[in-house]
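Have a look at the structure below, then the notes.
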Amino acid sequence: QVDAVRVYVNSSSENLQYPVLFVVRQQKGVLSWQVPLIFRGLYQRTYNYQEVSRTLCPTEPTPETRPSDQIIFVDVASMAPFNIAYELLVTRLENFQLETNKAFNFTASPSQPQYFLYKFPQDVDSVIINVVSDAAYPCSVVSVQDIVCPVYDLDHNVEFNGVYQSMTKQAAITVQRKDFPGEQFFVVFVIKPEDYACGGSVPSSIHGNVNRTWNLQRTKNLQVTIVPSIKKSVYVQAMFFSFLSFLSFYLGSVVVAFVHYIRVQRKASAGRLTPEHGSGMMTSSHPISASTPEGSSYGAIDESSSSGGRQLPSPERRPPAGSDTDSSVEEESDFDTMPEIESDKNIIRTKVFLYLSDLSRKDRRIVSKKYKIYFWNIITIAVFYALPVIQLVITYQTVVNVTGNQDICYYNFLCAHPLGVLSAFNNILSNVGHMMLGFLFLLIVLRRDILHRRAMEMKDIYTLDYGIPKHFGLFYAMGIALMMEGVLSACYHVCPNYSNFQFDTSFMYMIAGLCMLKLYQTRHPDINASAYSAYASFAVVISLAVLGVVFGKNDMWFWVIFSMIHVLASLALSTQIYYMGRFKIDGPDSDVGMFRRAVMVLYTDCIQQCSRPMYMDRMVLLIVGNLVNWSFAIFGLVYRPRDFASYILGIFICNLLLYLAFYIIMKLRSSEKLLPIPMFCIVATAVVWAAALYFFFQTLSSWEETPAESREKNRPCILLGFFDDHDVWHFLSAAALFFSFLVLLTLDDDLDTVRRDKIPVF
């Protein structure tokens, strides 16, 4: 047991010109202070205390002295020309050494800090120091320092050594044995003279003698408990759990693929179906007889009329089936070069009843090449985006480790398990699901792509205009985006804070945008946005997110501008969707003609046909979508949420869910079926998203508040003693995104035996 001595001094003098100086000389150090003791705050405020109590640095017993003997010299001096009364009291601390799993209560104030000694037990390699208080204020600081004298235990020097956190009601610091060669350390508790560092009120700027405050009562009751942290075996168990959980998805995918292969082979051997392996579905060996009768689909357009009176190109003029390659011979300037497309697309896209054959008339090779640009571009974006992010978060972690300032990063300190230089390895490990499931989705898409190419080599599929056109470029881009979401989320959780939150959300925007583009591309393959315009739009969104993080807190002008951009963008996009990309405001004569045409379009389409729009289904979707987006704009303008990045992400997710619900409803209205696999994926997506969102809203920290206030939300681990609620959110959200992607991949599998001129566009 180590003994420690505490010195209490008191002086009734308020003369700041002639303070009383106390110097304590020990075997290995000198400690000095003055009375009145002066603390400085904001705006040159001073806080003076006439009572000071300090704990002296304990000394190890030597062979010449008994364990309880300590030789101490106390010098008292003052330059005052008159006598000053003072009081000096030296006491021995009975409970200087803290014990494992035993709570200890004490009191501290700015002029009477406290610190205690802790020694690691033999079988403990890591401990968590839990400090709690019933009162949020006064603001305090908890510090862990090596056994070095003097101990830094005042407000102006507590940050000079060791690891420290600011605190209101709760603090937690994980300490590892390897960081302290002596296998012991001091736990220091300092009360700050002001509360602004913990989110309290900021003192007003007042000049003159009023800035001096005497003997302000700022006493805080604290309770400290040191508990052993997890053992190394728990790290191994957590890593096995993480990888095996998502490897089970690989096993399930292999089982589904094998079962499907057996079923296809049986049906093929029976002579009923010919396997069309491109998507794992079948194409009828007698397509004409298997299609819907001509008279049963109202508004259907036969092959002769669907091109506006022109005959479709004969099979001889089409490229051979085996030529679907990525050859660089075709430049992007080759897009839209079919003369019948250019001459008739205005007429076709303005028909009241549109079918897939009307919007899938371009050469499949050229369109597929166009969509593969999504894949290559997102890889380039990912590399250029991720490298500086990784470099930045490594710098953040290095600063935390070197300075010991744990207020830089907003961890859940009650469940932050370090590994190596990383302070919260569990938050990084839990993102492995995004990377593993993103790679699995790429493998599933690659399988479909390869089997589709094989089927095209076996049969000239260009003569069979059946099912949704198979373009896999956007699916590849979605898989890469899911993997990058895991990488960047892990980077964000290296040191989560206000400055790097956009790293965690950037690829979420891209995932939501790519899903909407893929959903639209399914029935509009010829008129979907190009990769360049799509990624340029994402760049604008990310730029707005960064501006929102910087200016969105209190600047009303930013919210006014953003809300106007949001509403105008919604209207412009709605116009393009409603008119299938054929709405152009251009006057042949002058600018007056341009405005005249705009007025005429608004009059004919919005006033004359308000009771019955030409495209009713699209109009309903766009009205609901605009109401949702305008509601978001009004909400942002009124409440100005501080978490601007999550606000934009909410806009994207709500629009995606709205469009997906509309698509499924229209699909069922068109008497199309949902096969068992997409139905299972839809149910799994809904269930897993519901569970994931439950854990997402279990707020464990918040960089919208001060670090001390954020720590009030910290909670212990809930899974394997290693993962917290947010880690479970990572696991479940990765699975939910994977199932969501499978919904988009398999949703229209039932249409592979339906002619494209029987598949409605909506």
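Glycine is no exception: its Cβ is also placed from the backbone N, Cα and C atoms.
Residues or ranges marked as transmembrane segment by TrEMBL: 238-262 (among others).
Residues or ranges marked as region 'Disordered' in TrEMBL: 272-337.
For 281-295, the entry in TrEMBL reads compositional bias 'Polar residues'.
The compositional bias 'Acidic residues' annotation in TrEMBL covers 327-337.
Residues annotated as transmembrane segment in TrEMBL: 374-394 (among others). Through the fold, the transmembrane segment (374-394) approaches residues 473-474, 476-477, 480-481, 484, 487-488, 491-492, 494-495, 500, 503, 506-507, 510, 514, 531-532, 534-535 of its own chain, all at least 6 residues removed from its boundaries and within a Cβ separation under 8 Å.
Proximity of distant same-chain residues to the transmembrane segment (428-446), defined by a Cβ-Cβ separation under 8 Å and at least 6 residues beyond the stretch ends, is recorded for 238-239, 242-243, 245-247, 249-250, 253, 422, 472, 475-476, 478-487, 489-490, 493-494, 723, 726-728, 730-731, 733-735, 737-738, 741-742, 745. Residues or ranges marked as transmembrane segment in TrEMBL: 428-446 (among others).
Per TrEMBL, the feature transmembrane segment maps to 474-495 (among others).
According to TrEMBL, the transmembrane segment annotation covers 501-520 (among others).
Sequence annotations record features per position, and here TrEMBL assigns transmembrane segment to 532-551 (among others).
TrEMBL lists 557-579 (among others) with the feature transmembrane segment.
TrEMBL lists 619-638 (among others) with the feature transmembrane segment.
Summarising the annotation, TrEMBL assigns transmembrane segment to 644-665 (among others).
What TrEMBL records for 677-697 (among others) is transmembrane segment.
What TrEMBL records for 728-747 (among others) is transmembrane segment. Packing against the transmembrane segment (728-747) from elsewhere in the chain are residues 242, 245-246, 249, 427, 430-431, 433-434, 436-438, 440-441, 444-445, 448, 475, 478-479, 482, 485-486, 489, 511, 515, 518-519, 522, 660, 663-664, 667, 674-675, 677-678, 681-682, 684-685, 688-689, 691-692, 695-696, 698, 718-719: each is 6 or more residues past its ends and has a CB under 8 Å from a CB in it.
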Within the same chain, the residues 6 or more beyond the ends of the transmembrane segment (619-638) and with Cβ under 8 Å of it are 559-560, 562-563, 566-567, 570-571, 574, 577-578, 613, 647, 650-651, 654-655, 658-659, 662
For the transmembrane segment (677-697), the distant same-chain contacts (Cβ-Cβ under 8 Å, at least six residues beyond its ends) come to 256, 664, 725-726, 728-729, 732-733, 735-736, 739-740, 742-743, 746-747, 749
Counting CB pairs under 8 Å, which listed stretch among 501-520, 532-551, 557-579 touches the transmembrane segment (644-665) the most? 501-520
Checking distant contacts: for the transmembrane segment (532-551), what same-chain residues at least six beyond its ends satisfy Cβ-Cβ under 8 A? 373-374, 377-378, 381, 498, 501-502, 505-506, 509-510, 513-514, 517, 558, 562, 565, 644-645, 647-648
